[in-house]
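First up is the structure itself, then whatever we jot down about it.
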Amino acid sequence: MRLPKLLTFLLWYLAWLDLEFICTVLGAPDLGQRPQGTRPGLAKAEAKERPPLARNVFRPGGHSYGGGATNANARAKGGTGQTGGLTQPKKDEPKKLPPRPGGPEPKPGHPPQTRQATARTVTPKGQLPGGKAPPKAGSVPSSFLLKKAREPGPPREPKEPFRPPPITPHEYMLSLYRTLSDADRKGGNSSVKLEAGLANTITSFIDKGQDDRGPVVRKQRYVFDISALEKDGLLGAELRILRKKPSDTAKPAAPGGGRAAQLKLSSCPSGRQPAALLDVRSVPGLDGSGWEVFDIWKLFRNFKNSAQLCLELEAWERGRAVDLRGLGFDRAARQVHEKALFLVFGRTKKRDLFFNEIKARSGQDDKTVYEYLFSQRRKRRAPLATRQGKRPSKNLKARCSRKALHVNFKDMGWDDWIIAPLEYEAFHCEGLCEFPLRSHLEPTNHAVIQTLMNSMDPESTPPTCCVPTRLSPISILFIDSANNVVYKQYEDMVVESCGCR
């Protein structure tokens with residue numbers, strides 16, 4: 001009798017272990033309640049292969065396991081405290097989140113956090129959703145840059161056009177302009193002073209050479225940049241070097257209160273071409289200062305197509321070279337008006353237009369020139385608006401005559417390159433050309449016939465125009481596009497008389 005009872009007890013014990021294992025696997029809500037040492041994948045696979053567990057398991061002898069259906073339902077509702085209890089959560093009830101380690105506990109009266117079932121997209125490592133690669137460290141997303149580029153920023157101030165540093169004109173060029181302008185005002189022929197009345201343009205070039213460092217200077221090189229020189233219509237060239245009065249320490253004593261020295265001017269040797277002697281002259285005394293003028297036209301005719309002109313100066317006394325500094329030719333710390341000056345005289349065959357110089361300073365086409373003139377006009381609009389005086393009203397019944405026209409280059413914004421004059425009286429012609437035409441209007445035969453036809457039938461023939469019949473030139477001292485000071489005489493700048501044409 002004892003052996004059957006023992007076998008029955010063993011069977012009950014094995015059934016109990018098997019049911020507890022199955023209940024543990026099927027009843028765990030998440031990984032946090034799985035026993036240690038079990039693998040989720042294996043447990044799920046075993047759960048799918050096994051048949052569903054019957055609610056009522058009969059024990060031998062007709063007794064049900066766990067107190068029948070009533071005990072099973074009780075354990076399903078609230079038997080979480082019992083190990084191995086089988087619980088089945090409701091379908092509509094969301095799963096409860098387990099509390100995080102160290103996290104705050106839910107407050108009384110507030111429902112616990114729940115986990116909603118949502119579809120989750122798995123993104124490969126190193127890639128953003130949508131197949132985009134993540135930005136590199138330190139880089140800025142292109143969408144951010146594009147957004148910043150589209151955003152309207154603060155208005156930018158218009159940049160002023162680049163202006164070169166102001167050029168100080170040589171004193172000789174200012175003196176030359178005053179002399180020739182006075183001759184024009186006095187009625188004299190100023191062109192006589194310009195190479196036998198043929199030249200109307202003088203271009204000046206400032207020396208760019210420097211003396212060698214040393215206690216004695218026996219040779220000086222004078223260098224001039226002539227790359228921007230107009231090569232047509234050249235008539236002459238000269239070199240002007242200022243000789244200052246030397247100090248008593250630099251001038252040795254000599255009989256007669258002075259000493260005689262010879263100056264030799266030659267071209268600089270280059271390559272296979274040796275130096276060519278240009279001029280030799282004597283310096284009788286060193287008690288005063290003055291300009292040494294050398295005519296170098298014969299040499300310059302062969303070198304006018306070069307971009308640079310180089311000349312050498314030496315001083316000889318009693319058959320040996322002497323220090324040029326002791327003769328007053330020291331170039332150290334000289335001002336602009338004291339530097340050596342190279343002058344080129346010329347006259348172009350075609351009539352020069354003032355418009356060409358404006359074109360050379362502003363651009364290469366006419367459109368650019370007009371834009372330059374418009375910009376200069378806008379800069380001076382405020383000063384012009386504040387000018388005193390009103391323009392006289394037009395008298396349409398007045399006959400053709402010369403009227404005042406004052407030109408101010410400073411108001412036009414050209415005072416940065418025009419040195420003199422800054423203003424002048426140009427005059428203009430205004431009025432009617434009616435029949436009969438007066439003799440002082442100097443009408444042509446065609447103008448007389450046209451005026452007669454206009455008086456007979458105004459609709460078929462237009463009237464003649466009041467235009468300048470005689471114009472005179474003016475001289476202008478200006479800075480060209482290469483920053484060289486130029487004296488030039490421009491024709492047809494002032495109206496002298498008006499007529500009908």
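Don't overthink the numbers, they just go from 1 along the chain as shown.
Glycine too: its Cβ is placed from the backbone N, Cα and C atoms.
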Tell me which of Cys433, Cys465, Cys498 Swiss-Prot records as disulfide-bonded to Cys500.
Cys433
Cysteine of Cys310, Cys429 paired with Cys498 via disulfide, per Swiss-Prot:
Cys429
Of Cys465, Cys466, which cysteine does Swiss-Prot list as the disulfide partner of Cys400?
Cys466
Swiss-Prot record, region 'Disordered', of the ranges 246-265, 266-285, 366-385, 446-465 the matching one is 246-265
Three-class DSSP secondary structure - Cys433 (disulfide bond):
coil
Alpha-carbon spacing, Cys500 (disulfide bond) to Cys429 (disulfide bond), which is rounded to whole Å:
10
Could you check which of these disulfide-bonded residues, Cys400, Cys466, Cys498, sit within 10 Å of Cys433 (disulfide bond), going Cα to Cα?
Cys400, Cys466
Compute the C-alpha separation of Cys400 (disulfide bond) from Cys498 (disulfide bond), stating it in Å without decimals.
7
State the count of C-beta atoms found within 10 angstroms of the C-beta of Cys429 (disulfide bond), not counting that atom itself.
21
